[in-house]
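Undergrad: Structure incoming, see below.
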Amino acid sequence: MPAKVGADKKQAHPVVGGAAAQRRLSQSHRGSTGDFRDDDQELGNMPATYMGEHNLFGRQDDQLKLTDTELNEEHTRILTARNPEAAENIVRFSHKERMFKLIPHVDQLAVHFQLDSNLVHKDSEDGKRQLVHDTEDQRIQETEVTTTAVDQDGEVKTKEGEEDDEEKAKKTTASTGKAKKLTNQFNFSERASQTYNNPSRDRETFVEQTPRATISDNVSQWSICDAYNEDFEQQQKAKEKEQKKVSVKKEDERKKKFVVADQHTVDDMTKFTRSKAASISLKILERMINQNTFDDIAQDFKYWEDAADEYREQEGSLLPLWLFQYSMVKKLACTNLTWNTHYNDLFAVAFGSYDFLKQSRGMFVIYSLKNPSFPENIFQTESGVMSLDFHPHYANLLCCGFYDGSVAVYNIADENKQPKYHSTSRNGKHTDPVWQVCWQKDDLDNNLNFYSVSSDGRVVCWTIVKNDLMYTDVVQLKLEKPASQSEEGIPLASLGCGTCFDFNKQQDYLFIVGTEEGKIHKCSKSYNNQFLDTFDAHHMAVYAVRWNKFHSKIFASCSADWTVKIWDINFKDPLFVYDLGSPVGDVVWAPYSSTVFAACTADGKVYVFDLNVNKYEPVCEQIVVQKKRTKLTHITLNQRYPILLAGDDRGNVISLKLSPNLRKKPKVKKGQEVAEGPEAEIAKLEKILSLIRDPDDIKSKSLGQQGTTTSITTN
Amino acid sequence: MAAEGGEAETQQKEESKRHTYPLVRTCDMNDELKTECMELCVTACEKFSQNNESAARMIKETMDKKFGPTWQCIVGEGFGYFIEHEVKSLLYMFFGGTTAIIVWKCA
């Protein structure tokens with residue numbers, strides 16, 4: 001017996017249609033006994049109750065006897081599509097690989113039955129007969145057991161015309177008659193299933209596009225060639241520039257064009273700016289710019305004449321022009337102003353401090369009218385500069401007196417900002433501030449010399465001898481003692497303080513000195529110890545004394561006692577006295593007229609007097625300062641231009657233009673010659689003076705009458 | 001006339017000698033990228049002086065390998081162009097007096 005028990009696992013087969021499981025033919029073929037037994041081979045599956053009956057069936061003697069437990073064993077039967085007869089390990093020789101290879105897939109087809117037959121056309125006689133036969137058979141079958149047969153092995157059976165009875169049982173017929181529907185002949189059902197598809201999800205992201213740019217061009221042979229040529233030229237130029245030195249053309253002031261060489265390196269630029277040639281050009285350029293900036297002022301300076309002066313006979317006005325300011329001197333007061341003798345547009349301003357307690361550094365600057373925005377030269381000094389003076393012949397020499405009592409001579413053309421000569425304490429320096437300095441004519445040895453007056457009561461003459469500064473005391477300002485005072489001991493002569501002096505233009509040896517006590521002394525260079533004369537001029541310190549530029553006998557003085565007085569050197573009393581209401585800082589005669597003088601006061605006003613026009617009232621009285629409570633300290637008039645400069649204690653210098661009325665020449669009567677020149681001026685002044693003076697006054701006030709018995713008046 | 005012709009010839013020869021160096025017209029690249037690219041272009045043009053296409057191929061493929069996709073390259077003697085290029089990836093230069101090379105990157 002084939003050992004089916006336990007070896008085969010047959011799949012449990014679901015019965016379709018509810019029909020009883022038909023014993024397979026194959027089983028029945030193989031079944032050895034041939035008896036019709038239901039699963040008698042697999043006795044193990046039988047329930048126990050059935051066991052008892054199996055004895056009834058009669059067992060063969062040589063049948064395998066199994067114990068009860070063995071009988072009760074469960075054997076699963078699984079139905080597979082394997083062909084049990086088929087070999088499981090077939091090995092064939094593969095020529096390709098030249099070796100024996102196990103064939104993994106063995107054909108599991110087992111043909112159980114095969115019948116060859118033929119087809120008969122249904123319309124033929126034979127076919128018709130067949131059909132009739134079939135339908136009859138069908139009727140028979142339907143009444144009998146209809147069977148369904150399921151082909152489990154998947155055997156494909158070909159339908160044929162002739163059939164066995166046994167095969168009829170297999171056939172399932174659902175159709176009757178001729179109208180046969182070919183239906184599911186094998187009663188198979190479709191089986192399908194849907195696997196689980198994971199749901200898909202869209203994922204998207206947006207990437208920023210890399211930045212792009214477009215470019216377009218045409219290229220051709222000529223454009224390439226041009227490009228090369230251009231590049232070549234540029235290279236040549238670069239080589240040339242490296243070799244070339246910097247050169248700047250000097251330009252005339254009138255020309256507006258200015259050539260500056262291209263500079264690549266910083267070093268070249270700095271060298272260029274510091275070279276002398278460049279500085280001249282830069283200066284010119286600066287002046288041009290200033291001219292443009294202050295264009296309207298420059299026009300006024302040249303051309304503007306106050307039209308109102310035609311209607312005002314006795315009045316004039318001052319037109320403010322440039323304001324000279326410099327940041328470094330804002331805290332200093334202008335202590336002196338002086339014009340250069342050679343260059344009419346150049347003037348020097350001294351800066352220092354009048355305050356006794358607040359003494360600091362000082363400086364003096366040289367300005368040019370052509371460049372109002374910045375000084376031409378700046379000289380810093382250790383102590384405040386109180387006075388300065390340009391040499392009448394050597395326009396670059398400037399002497400100055402300091403607050404600390406020393407004097408110095410500068411060469412302003414010098415690059416080095418140090419004085420050429422400087423007086424030291426060993427060298428006869430003054431012990432008090434030097435209030436005024438003045439150049440004199442060269443002495444007999446052709447040495448330059450200048451004078452200085454100071455609060456220590458000395459008037460000193462300094463001579464430049466062989467690179468040295470030699471001093472000579474000229475006069476000592478002795479104080480007059482009142483006659484009543486009598487002392488037993490040696491009378492100590494105390495010195496007064498000199499504040500200003502002036503030398504007579506015509507008689508060089510004659511000079512007048514003003515003092516703090518208010519006296520004015522007439523002195524001579526030849527007499528050391530004695531004054532020629534003394535005027536009790538003012539009650540307070542005399543700030544300025546000035547000789548008239550034309551008349552050798554007239555001088556003016558101004559003082560802190562608010563007055564300006566005009567004197568004749570021969571007379572004790574002043575000719576004119578003007579009370580200006582505030583301390584008068586400076587008085588100056590006009591260079592163009594013997595009767596015009598200007599004064600500046602501490603309340604910021606400038607007064608211009610013209611004795612020809614009005615003997616008692618100023619022709620012009622004008623506030624010129626910008627801020628209130630600025631004191632005007634010094635004033636000066638230009639030789640050539642009708643410009644007046646006024647310096648104040650805030651470090652500003654204001655320039656003013658004199659209106660025509662202030663510059664008047666006397667009216668000419670018809671027929672008369674136009675009188676010009678100094679003589680005319682003198683005559684003019686004389687005429688005025690003569691109007692004032694009575695013949696009696698001459699007698700009583702004359703200085704020469706003092707102590708003499710001769711008198712013109714009759715007793 | 002002959003002398004003038006001769007002069008013109010010598011001038012031309014001089015010019016051609018002058019104009020053989022690589023002249024960069026437009027460059028939007030980092031310095032190292034620029035130098036490498038320039039050298040590559042010069043090499044390619046010298047190697048394939050007769051064949052612009054091969055020179056361009058060499059340049060493009062080498063640039064792709066070295067600096068990533070995707071480079072474009074045109075080598076020629078007379079053309080107009082209008083291209084869009086990625087920023088910092090453009091070189092436009094002349095070489096040899098007659099050839100113009102433009103290399104740019106754009107995906």
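In case you wondered, yes, glycine gets a Cβ from its N, Cα and C as well.
This is the feature table in TrEMBL:
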COMPBIAS  A:1-11  compositional bias 'Basic and acidic residues'
COMPBIAS  A:126-142  compositional bias 'Basic and acidic residues'
COMPBIAS  A:182-199  compositional bias 'Polar residues'
REGION    A:1-41  region 'Disordered'
REGION    A:126-212  region 'Disordered'
REPEAT    A:535-570  repeat 'WD'
Undergrad: Residues sitting near the repeat 'WD' (A:535-570): Cβ under 8 Å, six or more positions beyond its termini, same chain?
TA: 497, 499-507, 512-522, 576-591, 594, 597, 599, 601, 607, 611, 678, 681-682, 685-686, 689, 702-704
Undergrad: Quick check on the compositional bias 'Basic and acidic residues' (A:126-142): DSSP residue counts for helix, strand, coil, in that order please.
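TA: Summed over the compositional bias 'Basic and acidic residues' (A:126-142), the classes give 17 helix, 0 strand, 0 coil.
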Undergrad: Using DSSP, tally how many residues of the repeat 'WD' (A:535-570) sit in helix, strand and coil.
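TA: Secondary-structure composition of the repeat 'WD' (A:535-570): 0 helix, 20 strand, 16 coil.
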Undergrad: Could you pull the average pLDDT for the repeat 'WD' (A:535-570)?
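TA: Mean pLDDT, the repeat 'WD' (A:535-570): 86.
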